Structures are given as structure tokens and as C-alpha cells.
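Here TrEMBL flags 37-57, 78-111, 126-144, 191-209, 229-247, 268-290, 302-321 as transmembrane segment.
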Amino acid sequence: MTLTPPSPTRPPLTLPAVASTALAVLSSHVFPAETNMLAFPLTLALIAIFGVPHGAADHLVHAWRHRPTGRKGGDAKFFAGYIALVVAHATLWYLCPPAAFALFLCMAVWHFGQGEYEYLGGRSPLAYYGCAATCTLDAWVVYVSRGIMILSLLTFAQPNLTFPVIQAVTTLDTEWIPDPSAPSTWAACRMAMTAGVAQHVLLLTYLLGHSTRPTAFLRDHVPKLVALALLYTHVNAYLAFGIYFGLWHALEFFLSVKSSLALTTRGMIAWAVVPLSLPVLGAMLVMGMYWDQVGMASEVAYWRAFLVVVSSVTTPHVVYLEGFVQVRMAGGSKEPNKQMRPQRESNEVEIIKSAVVNSCENSRKAPVVSQLAKSPTVVCVGKSR
């Protein structure tokens with residue numbers, strides 16, 4: 001009997017990701033001066049609206065993970081562990097900036113690579129595309145390879161913009177960072193970027209040879225690879241990262257959280273993440289303003305603040321998100337049996353409702369939680385859209 005593979009929860013690329021990438025590439029060629037002028041403020045907006053808030057949903061993910069047992073406690077333990085990891089990475093920035101930056105790059109490789117397959121709803125790409133039967137590789141190889149490609153494009157496509165930020169954030173002497181204006185530096189960066197892309201293309205070619213669904217494999221990978229390459233090589237590096245981080249990576253995560261946690265309104269998600277996003281954004285603003293005042297170039301100053309703050313909160317985000325991924329891969333996001341569905345849905349709703357209500361209360365808006373309808377939906381009245 002032939003088994004039909006399950007469909008992914010959504011297409012590999014969301015409409016906002018496709019539209020923003022196409023618009024950015026087009027405007028970079030038609031209105032290059034205007035696009036470069038708007039690149040930095042647009043990037044800050046994307047980071048503030050999508051990038052930072054996507055990590056502020058970790059407390060909801062924590063509640064979702066414990067839904068089978070109905071455990072309602074543990075919030076204090078969760079936040080204590082979360083803050084401890086933030087402080088640990090921030091301390092590393094103070095003691096040894098190059099080591100903190102290297103650790104952040106390692107986490108970014110894993111996190112971005114894994115996030116590229118969020119559209120599969122927790123399934124392993126090797127299993128979904130039918131490579132697992134004859135391929136000896138594990139899924140983590142695909143994630144790391146994908147992450148290396150993304151970081152290679154971001155770092156080496158436009159060294160004139162990225163290298164000053166790396167120098168500022170690592171506080172290394174200029175002799176450690178090549179002159180981005182030198183022809184030899186550009187040549188070396190092109191080679192590094194090409195190598196980063198080539199290693200992933202070779203891996204995908206190998207997997208394609210083992211796939212029992214080659215058409216789906218090509219359909220889901222080729223357009224996305226082309227879009228990534230165009231984004232990072234034809235758009236201002238700052239704006240390219242803002243679009244990728246906000247409308248590719250963060251938006252995919254929001255869709256996963258919305259689907260798995262049965263959150264059906266944008267307002268509900270906003271009330272859950274905004275209160276925890278504001279301190280992070282505030283810290284970025286204060287640090288950026290400080291470094292700007294002491295003589296650092298404005299764009300470099302705010303990018304330095306972004307990397308220091310975001311890398312510190314990325315550490316617990318990656319740690320707790322890994323548990324979310326593992327639960328879904330084990331079947332936590334699959335449709336439950338009809339006999340168990342009412343009890344499980346009730347359990348999920350109560351826990352998620354509690355987490356959202358706590359977030360609403362913390363925002364001092366005192367929202368009212370509506371009566372639950374037949375579907376497991378919780379709505380913060382007055383702020384839902």
C-alpha cells in the first residue's frame with residue numbers, strides 16, 4: 001500500500017516574504033539612492049515589529065509544552081532560568097566580546113537553519129521529502145548547512161556594510177578585520193560567500209538523489225534559494241537582514257506558534273508579546289544612543305546595540321525553542337484522536353489562556369477574556385483585530 005505523505009502546514013514562502021523581497025530587489029535597481037536612504041529606518045521597524053517580539057512568545061511556548069500534564073505552575077522557574085541565560089551571555093559580552101560574538105554566530109547558524117523548515121510543522125525535512133530511508137544523514141546536518149549559507153550571504157555579500165559592525169561589536173583591532181574597500185577583501189569575501197552557498201547546494205543535490213518526492217523537493221527549495229540569493233546580493237545588507245529576520249524568520253515562527261497554540265487573533269498574540277518586547281527594545285535604544293553619542297557612526301552604533309542585546313536574549317530563545325521543536329517532532333502538533341480531543345483541547349485552552357491573561361495583566365490593560373466558543377479560542381476583548 002502506498003502512503004501519501006502529509007502536506008506541510010503552509011507554503012515554504014509566505015506572501016509577505018515574497019512580496020517584500022521582490023519589492024526590495026526592484027526598488028534597489030529602480031530607486032537605488034532612495035532605497036539605501038530608507039534601508040536603516042525600515043530595518044529598525046522590521047526588527048521592532050517582528051524580529052524582537054517573536055522571541056517574546058517563548059513563555060507561551062513554555063505553557064504549550066506542559067499542556068498534556070495540565071501543569072499550571074513553573075512561571076517563576078521559567079523566567080528565572082530565562083533571565084539567568086540572558087545575564088550569562090551579557091556577562092560574556094562584557095568579559096570577552098569576540099567569544100560572545102562567536103557563540104552568537106553558532107546559535108544563529110542553528111536557529112536560522114532550523115527555522116527555514118518551520119513550514120513543515122515540526123516534521124524532519126529528511127522524512128518529509130522521503131530521504132530518510134536511504135540517506136544516512138541526520139536533520140541537524142541540513143539545518144547547519146542551511147544556516148551557514150544564510151550567514152555567509154549576510155556577512156560576505158556586502159563587507160563594506162557588515163565588517164564595520166563586526167569590528168565594533170567584537171572590539172577587535174582593525175588589523176583583525178580586513179579593509180572592506182580593498183579589492184583583495186572583496187575577492188576573498190566573494191569566495192567565502194560562494195563556498196557557503198555551494199556547500200548547501202551540494203548537500204541539497206545529494207538529498208535530491210535520495211528523495212522519493214523529487215518534484216516537491218525542487219518546488220520547495222529552488223524558489224527559496226533564488227529569493228535568498230537575490231535578497232542578499234541585490235539589496236542593502238541592512239534592509240536584506242531586516243526583511244529576512246522580520247518577514248521570513250520571525251513571521252514563520254509566529255505562524256507556528258499561532259497554529260500550535262490555537263491562537264486565532266493577531267491581537268491576542270500582540271498582547272502576549274508586547275509587554276516582554278518593550279524592555280528589550282528599550283535596552284537596544286539606550287545602548288545605541290550611548291554609542292552614538294560617544295562618536296561611533298549612528299548605523300554602526302545601533303547595529304552594535306542590536307547584536308549585543310539580541311544575542312543575549314537569543315541564548316534562552318534557542319534553548320527553550322528546541323524543546324518546542326522536539327515536542328512537535330514527536331507528534332505534539334498532530335491531530336489528536338477524537339476520543340482524547342475534548343479533554344486535551346480544554347487542557348490547552350486553560351493553560352494558554354492563563355499565560356495570555358498574565359501577559360495582559362502585566363501590560364496593565366486589564367483585558368477581559370471572552371467566553372470560549374466551540375473551538376479553543378481565547379480573545380483579549382477590545383484589542384483583538
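Any Cβ shown, glycine's included, is placed from N, Cα and C.
Just so you know, TrEMBL annotations never went through curation; they're auto-generated.
Tertiary neighbourhood of the transmembrane segment (302-321): same-chain residues 40, 44, 47, 51-52, 55, 58, 61-62, 78, 81-82, 85-86, 88-90, 93, 100-101, 103-104, 107-108, 110-111, 165, 168-169, 238, 280, 283-288, 291-292, 296, selected by CB-CB distance under 8 Å and a gap of 6+ residues from either end.
Within the chain, the transmembrane segment (126-144) has long-range Cβ neighbours (under 8 A, six or more residues past its boundaries) at 5-6, 8, 109-110, 113-114, 116-117, 120, 203, 206-207, 210-213, 216-217, 220.
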